[in-house]
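One structure coming up, written as structure tokens, with questions to follow.
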Amino acid sequence: MAEQKSVKVREQTNSPPTAGDALTEILKFELLPQPKVVPLVDGLWLSQLQSHSNFKRFETSSVVAEVVLSSVLINGLVFIGSTNHYSSIQLIDGDGTFNDAGLDKFTKAVNLGECGLSYAVVSIMGPQSSGKSTLLNHLFGTKFREMDAFRGRSQTTKGIWMAKCAGIEPCTLVMDLEGTDGRERGEDDTTFEKQSALFALAVSDIVIINMWCHDIGREQAANKPLLKTVFQTPLEALEPVLREDIQKIWDSVPKPQAHKETPLSKFFNVEVTALSSYEEKEELFKEQVDCLRQRFFHSIAPGGLAGDRQSVVPASGFSFSAQQMWKIIKENKDLDLPTHKVMVATVRCEEIANEKFAHLTENKEWCHLAEAVEYGPVSGFGKTLSSIIKTCLSEYDSEAIYFDEGVRSAKRQLLEANVLQLIHPAYQLMLSHLRSKDLDIFKKTFNKAVSDGKSFSLAAHDCSRSVMSKFNEGCADVAIEQANWDTSKVRDKLQRDIDAHIALVRAAKLSELTAFYEDKLNKALSEPVKALLEAGSSDTWPAIRKLLDREIESAVSGLSNALIGFEMDEKNMEKMLTSLKNHAISVVEGKAREEAGRVLIHMKERFSTLFSHDADSIPRVWTGKEDIRAITKAARSESLKLLSVLAAVRLDDKPDSIEKSLSLALVDSAKSGVSNRSITSSDTLATSTWEEEANKRTNNWLPPPWAILALVVLGFNEFMTLLRNPLYLGVIFVAFLLLKALWVQLNISSAFQNGILPGVLSLSTRFLPTVMNLLKKLAEEGQMPSSNPQRNPADSISTVNSSVASSKSGVEHSTPLRQGNVDMYLAS
């Protein structure tokens, strides 16, 4: 609905004629499609807006009309006053300078900022010396300066003056504009007239247009009519003429397409009121003014002169609105009053928002809360902060309530966003404290539950659920009413931390279980397997397999029962059990390899034990009647059996021929004689072949004759030196014996068969023990009584190079068995 105005026209008689009939241009101002500047009859220029605009309030010369506007288009600032001083101020001086400081003081003095929307602005336009100030003084009880007719009809009001009406509710402000068509400004200087008219139209709710009744129906107001005729013309005759002229003006105004058929009544409510001449009938004039005055009481009530309040500027913004409007008019900018209203609301609401935001940042309660949250969680954080924000927004709402709703809401949202942005770091820090605190609680309760023997999966589930529930309660306490922040990211982070800790503890517990059962297998298998391997019987590996199966079954059963509480999937559980089985097998294999590394020591010990002890483990007493060959053969067979046991790992129940092969290669070689030398010569366990041994025993040890002759000739001097000093011969002989003993003991020829470096390393490790052993043997031989010519066979066996003579063949054979760098000779 288009807004509606009421126009009251007062007829005055006995008044001088004035220029122009500007009412025509008032209505042309209403709905012209394009903005343009149109000259008025009396020289007043007005800007015309594209569509409906509230620039419908301005002055003509002859008729006093009240144009009641339905809305005010400018928002403004809030001012607070405390005094009741109502004296007028010059709002704009004659040069067009706006009195900013004076208006601020005036609005404070009349407490305009407290009025909200309960105020009205009335302005009056008219020609110079037409009685505008006099009418306002009598109508509103103001004290504007009036013209003194005895001093001439000159300009009295310069610029625009403002005062507050006395005794009228609501608060009503009156603006007295400088008269138009005055000789002081001249007929060419109409700029201020146009500017003041536009200003009054922009800021006023009610505009009184002062028109003399004899100007009604004229196109030019330059001549004076017959006053007598005018005085005698009744109001009933003048009003139809005025309304007819207004309708013609309305019909001639180019309108937008949407308002081509819109009647005048949609935009204006025109009323005409006639007042007697103040100069001719003062008492009657005052009575009529008193009646008119009653119309201004409760003017903003529905149905009143200014009853439409939907576009009213709040009283606190009036000063700013007036300043901005005058600035725009002075700069001759294109006017867009609705946008200007939004602009005023934007500026003022933004100022209020900034002020409230600044107060919040300095709020002691907020500062204390922000400082406390730096060190840990704060109880009641969300409620406290919500209360602070609510107070801040409520203060904004109370101060900006009268401004444009759209702008007010937008600035409120911006203020709320700024406030939330300010507190968001503290909110995030609070959530971080809650997450860390709840994670620590989970770790303590979960570790305690697991330590107390509770099922791992059950403890993890219960503790996790309890802590997450506690965290949700903490988030609810931290939540801020004005913010809809999502805590899912922090919640997910806490859940991931809990899951990571559960996985870490699970891995540690599984590692402990695995280590426990592996250690149990080590203890259960190591010593028994070692004893069985050292025994070296035909039942060794079956016994080991039986032991291994029993211990594996026990360990797997225990581990399976322990893993039930971890809720592991079948694949991972099977993997762990298989790993445990492999560990048990590796223990047996490792122990077998360890004992195999010492096989020659074990074989020598067994050979020595069986050779020097009888079947009842009693040391033999050698009387010379024993069958040494049989004893040796039996001892050697048992040693080879031990070798066959340690030669391979037999964890499966498959038969093998290792013992048979060793027996054929070593034991039966003595029976084959010379015809089977090709077999024994290829024996890989022998240090040297039989052909090498035979070659050693031949007499072809002397050098060639030429070498002997060379030695005699070249060594004659050395030979003579030895003859002259026999001590050298003794030293050389002893050194020769020692070197020969070391050669035999260290088996130097066989040590270098695998290369120089391995031979050197082998000799370096055996040299010192061998020397010590030789010295020990020499010492023992020296202490042995000379009356005992027969040596114990056992001692002969234990010597470094022992042999048993064969009475049958008369040839001494030796079969060396080598493992690594250890050699042992078994006499045959």
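Keep in mind that glycine also has a Cβ here, set from the backbone N, Cα and C atoms.
Marked as topological domain 'Cytoplasmic' by TrEMBL: 1-702, 748-828. Here TrEMBL flags 116-309 as domain 'GB1/RHD3-type G'. The feature GTP binding site is assigned by TrEMBL to GLY126, PRO127, GLN128, SER129, SER130, GLY131, LYS132, SER133. Under the heading transmembrane segment, TrEMBL lists 727-744. Residues or ranges marked as region 'Disordered' in TrEMBL: 782-828. Feature annotation from TrEMBL assigns compositional bias 'Polar residues' to 784-795. Among the features that TrEMBL reports, compositional bias 'Low complexity' is placed at 796-814.
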Which three-state DSSP class does PRO127 (GTP binding site) fall into?
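In three-state terms, PRO127 (GTP binding site) counts as strand.
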Around GLY131 (GTP binding site), how many other CB atoms lie within 10 A of its CB?
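Around the Cβ of GLY131 (GTP binding site), 25 other Cβ atoms lie within 10 Å.
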Please identify which of GLN128, SER129, SER130, SER133 has the densest Cβ environment, defined as other Cβ atoms within 10 Å, among these binding-site residues.
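Result for the most crowded candidate: SER130.
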If you draw a 10 Å sphere around the Cβ of LYS132 (GTP binding site), how many other Cβ atoms fall inside it, taking every protein chain shown into account?
27
Just to be sure I understand the packing, how many Cβ atoms besides its own are within 10 Å of the Cβ of PRO127 (GTP binding site)?
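There are 27 of them.
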When DSSP states are folded down to helix, strand and coil, where does SER133 (GTP binding site) land?
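Reduced to three states, the DSSP call for SER133 (GTP binding site) is helix.
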Quick one: give me the count of other CB atoms within 10 A of the CB of GLY126 (GTP binding site).
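Neighbour count, Cβ to Cβ under the 10 Å cut-off: 29.
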Determine the mean pLDDT over the topological domain 'Cytoplasmic' (748-828), rounding to the nearest whole number.
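That region's mean pLDDT is 54.
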